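The structure under discussion appears below in the form of structure tokens.
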Amino acid sequence: MPEQLYRQAYPKLSSFYFFYFMLFGGLIPYIGLYYQSLSFNAIQIGQLMAMFIATKIVAPNVLGWLADKTGRPIFWLRWTAFLTVVFSVGFVTTDSFLGLLLTVFGFGFFFHSALPLFESYTFTTLKGVKERYGLVRLWGSVGFIAAVLWLGWQIEAWSIATLPWTLVGLAVVIWLATFAVQEHPVAQHEDHASSFWTIIKQPWVASLLAASILIQFSHGTYYSFYSIFLDEHGYSKNVIAWLWALGVLAEIAVFFWMVPLFRRFRVKTLLMASLVLTLLRWVIIPLVIDDWVWLAFAQLLHAASYGLFHAAAIYLIDHHFYGDNQSKGQAIYASASHGLGGALGMLAAGYAWYAGGADWAFGMCALAVLLAIGVAQKWVRYD
């Protein structure tokens, strides 16, 4: 890809990631606290969080198929962003459990459909320089931090009740950002002999998806109950915000250094390192909850548990799925990891937290990562 074209594409690609993850940063750290303010119990909170993530199991595959079939990913991206706005209004208009469950279903379905479409579009745009993906993607992390800090201040200054209106506003901005990019249909490859399902059945691909499911399962307790856990131990909303932000700052560092990392180390080495450090993270959080210094260290490990694993996994996915399988490949990765793994992790977290508190919930997460380490070590490879 010529340098001039990269420079032209960079701000357009980066702006979408910034606003998309700004909404995600407004949602994930604080929505559990919002549900708690509506007097929902741990199981109900876990069910609502699981519903949000569960939509990612099906939605990206439907839209990925449509994008590959029509060769118009941006057309579908704009529709998913618009319908995300429509369903986000439900957060403002209802506070019943059933009403929010339906809202979360519709909102999550279209919100989660958008990112795999854009990931595929980004890798197509960065053809020949895909190691620069991290420099584009890091702006999503910047957006996440901006939302976390902004909303931490907003909620502390006013009320958690302001959160739904903020989510609607951010959804509108994402929709507007989709008009900054234009179509360039995925190129067809004459030499791709493997069908989509043949690729998935390859043991190194299936094992990568399995490890992705397990590591996202392990994040279920973190995404659903970390803020609640900190709140119960007396941390202010501003401190909670800064701890979330610290984790994402560490993630940004990984994306920034992605080019030299991938040039110096094998992809599998980076993947295994991320899993081992994730295991350490889940083990220490419940042990050091009253020591903010150690909590800060645990948050720095987000660089591995999310940033490094995601960078390595998406690199491998793009390697194995190309041409008219490209959008479907990104979709199946999103569905399997953040969808199936995330939904099961959040649902299980609710029951584990209800039964045994943080020790049980984070212990379950650690066991999932141990299994992921075994699977990845034995079968994942990069040819």
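Glycine is treated like the rest: Cβ placed from N, Cα and C.
Listed in TrEMBL for this protein:
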type     : residues : note
DOMAIN   : 11-362   : domain 'Major facilitator superfamily associated'
TRANSMEM : 16-36    : transmembrane segment
TRANSMEM : 42-63    : transmembrane segment
TRANSMEM : 75-92    : transmembrane segment
TRANSMEM : 98-118   : transmembrane segment
TRANSMEM : 138-155  : transmembrane segment
TRANSMEM : 161-181  : transmembrane segment
TRANSMEM : 202-219  : transmembrane segment
TRANSMEM : 239-258  : transmembrane segment
TRANSMEM : 270-289  : transmembrane segment
TRANSMEM : 295-318  : transmembrane segment
TRANSMEM : 330-354  : transmembrane segment
TRANSMEM : 360-380  : transmembrane segment
Please identify the stretch among 16-36, 138-155, 202-219, 270-289 with the greatest number of Cβ pairs below 8 Å relative to the transmembrane segment (295-318).
270-289
When only pairs 6 or more apart in sequence are counted, do the transmembrane segment (138-155) and the transmembrane segment (16-36) reach 3 or more Cβ pairs under 8 Å?
yes
Taking contact to mean 3 or more CB pairs closer than 8 A (sequence separation of 6 or more), are the transmembrane segment (270-289) and the transmembrane segment (16-36) in contact?
no
Please tell me whether the transmembrane segment (202-219) and the transmembrane segment (98-118) touch - that is, whether there are at least 3 C-beta pairs under 8 Å between them, with each pair 6 or more apart in sequence.
no
The domain 'Major facilitator superfamily associated' (11-362): mean pLDDT?
90
